[in-house]
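*Asks:* Following this message is one structure expressed as structure tokens.
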Amino acid sequence: MKVISSIQELRDQLRGQNRVAFVPTMGNLHEGHLSLMRLARQHGDPVVASIFVNRLQFGPNEDFDKYPRTLQADIEKLQKEGVYVLFAPTERDMYPEPQEYRVEPPHDLGDILEGEFRPGFFKGVCTVVMKLFSCVQPRVAVFGKKDYQQLMIVRRMANQFALPVDIIPAETVRAEDGLALSSRNAYLSNEERAEAPELYRTLGQVRQTMLETVLQGQASVEEVTAKALEHLRGRGWQPDYVAVRRRSDLQPPTPENIAAGEPLVVLTAAKLGKTRLIDNLEI
């Protein structure tokens with residue numbers, strides 16, 4: 001596996017490769033990331049991964065400086081997965097001058113849910129993903145469903161800019177107790193780690209209640225999500241949202257949508273101590 005930081009060297013290395021499968025990451029790799037590499041291999045060859053902690057998507061009070069950076073360990077993991085190239089640019093490589101041009105997602109998708117609580121986050125994501133796509137020129141790119149809203153935004157961006165890349169969704173990888181794998185799980189204390197799976201269990205309860213009552217016309221979505229928020233707060237969580245949305249556009253479902261069996265997803269973000277976790281579950 002070649003480790004490359006220069007954009008020009010990367011382009012030289014990939015010249016003539018017309019079926020590149022790309023997995024962008026911020027490093028501190030875990031089994032969830034590695035599952036993305038394996039899925040990428042099913043859809044293209046060679047597999048290219050990137051590691052870049054993108055300052056543009058961190059807010060002023062977020063964890064950019066303390067975000068775990070474990071490059072050597074990440075390299076060893078990627079080598080075992082047969083990754084062809086790791087693109088690991090420095091900030092100077094990616095942004096040799098101030099990044100004055102930004103890619104901003106539409107407000108109806110970028111300013112809700114995560115976008116409401118992390119202003120500017122998706123603008124930073126879209127900008128760096130567009131630049132990475134320009135550098136790598138992939139034919140396919142794999143994004144995890146754990147970041148459900150990000151997946152939808154990137155997919156819509158690729159479609160509206162007519163980018164020659166297929167966005168492949170990857171299922172969320174979970175620990176045995178249900179907690180979605182995340183680099184930020186490392187911030188949890190032992191006590192918090194024991195409580196953390198409750199977030200997924202709460203989503204499961206929302207899903208079950210939706211199927212048993214809301215879809216039968218016996219309760220409202222608002223009643224179900226309010227109960228979930230109350231449950232999390234009662235266990236010491238600080239939830240930002242528990243929201244049931246249409247899978248197609250992440251807008252709230254209408255009664256007509258529910259009656260017609262529109263595919264839905266329940267999404268949540270909540271702090272446990274100082275660590276903010278996100279998760280989702282399709283209904």
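Just so it is clear, glycine is given a Cβ too, placed from its N, Cα and C backbone atoms.
Not measured: the values here are computed from a predicted model.
Sharing the record's features from Swiss-Prot:
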- His33: active site, proton donor (ACT_SITE)
- 26-33, 144-147, Val173, 181-184: ATP binding site (BINDING)
- Gln57: beta-alanine binding site (BINDING)
- Gln57, Gln150: (R)-pantoate binding site (BINDING)
*Asks:* How far is it from Gly32 (ATP binding site) to Gln57 (beta-alanine binding site), counting Cα to Cα, in Å?
*Replies:* 21
*Asks:* If you count CB neighbours within 10 Å, which one among the recorded positions His33, Lys145 has the smallest count?
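*Replies:* Comparing Cβ neighbours within 10 Å for the recorded positions His33, Lys145, Lys145 has the fewest.
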*Asks:* For a quick check of packing: other C-beta atoms within 10 Å of the C-beta of Gln150 ((R)-pantoate binding site), how many?
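*Replies:* Neighbour count, Cβ to Cβ under the 10 Å cut-off: 21.
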*Asks:* Can you tell me how many other Cβ atoms are located within 10 Å of the Cβ belonging to the residue listed as 'beta-alanine binding site'?
*Replies:* 21
*Asks:* Determine the Cβ neighbour count for Met26 (ATP binding site): the number of other Cβ atoms within 10 Å of its Cβ.
*Replies:* 17
*Asks:* Whole-number Å distance between the CA of Met26 (ATP binding site) and the CA of the residue listed as 'active site, proton donor'?
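*Replies:* Pair distance, Cα basis, whole Å: 10 Å.
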*Asks:* Go through the recorded positions His33, Gln57, Gln150 and tell me which ones have a CA within 10 A of the CA of Val173 (ATP binding site).
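*Replies:* Final answer, ordered: His33.
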